[in-house]
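Participant: Pasting the relevant annotations from Swiss-Prot:
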REGION    1-160  region 'Domain A (catalytic)'
BINDING   ARG43  O2 binding site
BINDING   HIS47, GLU53, HIS91  Fe cation binding site
BINDING   GLU53, ARG95, GLU105  substrate binding site
REGION    161-177  region 'Linker'
REGION    178-286  region 'Domain B'
Amino acid sequence: MERRVRVKSWVEENRASFQPPVCNKLMHQEQLKIMFVGGPNTRKDYHIEEGEEVFYQLEGDMILRVLEQGQHRDVPIRQGEIFLLPARVPHSPQRFANTMGLVIERRRLESELDGLRYYVGDTEDVLFEKWFHCKDLGTQLAPIIQEFFHSEQYRTGKPNPDQLLKELPFPLNTRSIMKPMSLKAWLDGHSRELQAGTSLSLFGDSYETQVIAHGQGSSKGPRQDVDVWLWQQEGSSKVTMGGQCIALAPDDSLLVPAGTSYVWERAQGSVALSVTQDPARKKPWW
């Protein structure tokens, strides 16, 4: 039986899990990975993956350090802001005490690799790297980080060319990174269209991630190969699936598993988000 989860209540119930050194906990770990991350957590490593990541700050601000078009830069994501990180962008989340963020990513395809890299200062020169098939980022990162801290590269600050890949599994992304935006301001600015029954994409159609805002109306599935995560923002809605009817109030969320038939009916005044990440929408990078 699928159950609704009230996001802020779930965060409070699991508050102890967000303290160092762990700092994160998964709400869902299916095709979609719905996780919440606290702080403080200052990192030097950069993560690279073939999928995209959604960031949303529930409490406080964070910094997402990225390597964009050959330049290191900081992307501030403030409380209430949402941000989509494109695939294949090296990124290093910097989180602070008394903050809480939502991160959404997807299960990796068997053919996909993740990378963990350390750079020489603020250059593009790679000091240390490991590439791996990611099944559980929470358990797989720590041993790699410890390996780096015990390495000759860490001690000397100089790379070992014999331990670096001659050719990457995929090219790094060269597209410009969008600015984070206030989710509430975006929804308020499109309220007339949403209440007229028009569903709107926050990030457009050029990504595998689809974050869709819905007003009153109805929609149905299934999505055969991907999960759908629903998050009620305002008003009410109800989801009928598997013989049960699940009512959603503000801040309630629900994961609809891949392949599940459902009908989602949204009342007048309802504003809600649906999130999917479909690797079939990946853009060729060659």
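Placed from the backbone N, Cα and C atoms, the Cβ positions cover glycine too.
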Participant: For the region 'Linker' (161-177), could you work out the same-chain residues 6 or more beyond its ends whose Cβ comes under 8 Å from its Cβ atoms?
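Facilitator: Hits for the region 'Linker' (161-177): 48, 50, 66-69, 75, 85-90, 113, 115, 126, 128-129, 131, 153, 285-286.
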Participant: In sequence order, which residues at least six apart in the same chain have a CB under 8 Å from the CB of ARG95 (substrate binding site)?
Facilitator: CYS23, VAL37, GLY38, GLY39, PRO40, ASN41, THR42, MET62, GLY101
Participant: Tell me, which binding-site residues from HIS47, GLU53, HIS91 are within 10 Å of GLU105 (substrate binding site) if we use the C-alpha atoms?
Facilitator: GLU53
Participant: Can you list the residues of the same chain, besides HIS47, GLU53, HIS91, whose Cβ falls within 8 Å of the Fe cation site's Cβ centroid?
Facilitator: TYR46, ILE48, GLU49, LEU64, LEU85, VAL89, PRO90, SER92, PRO93
Participant: Determine the minimum-neighbour residue: among ARG43, HIS47, HIS91, listed as binding-site residues, which Cβ has the fewest other Cβ atoms within 10 angstroms?
Facilitator: ARG43
Participant: May I have the DSSP-based helix, strand and coil counts for the residues of the region 'Linker' (161-177)?
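Facilitator: Secondary-structure composition of the region 'Linker' (161-177): 3 helix, 0 strand, 14 coil.
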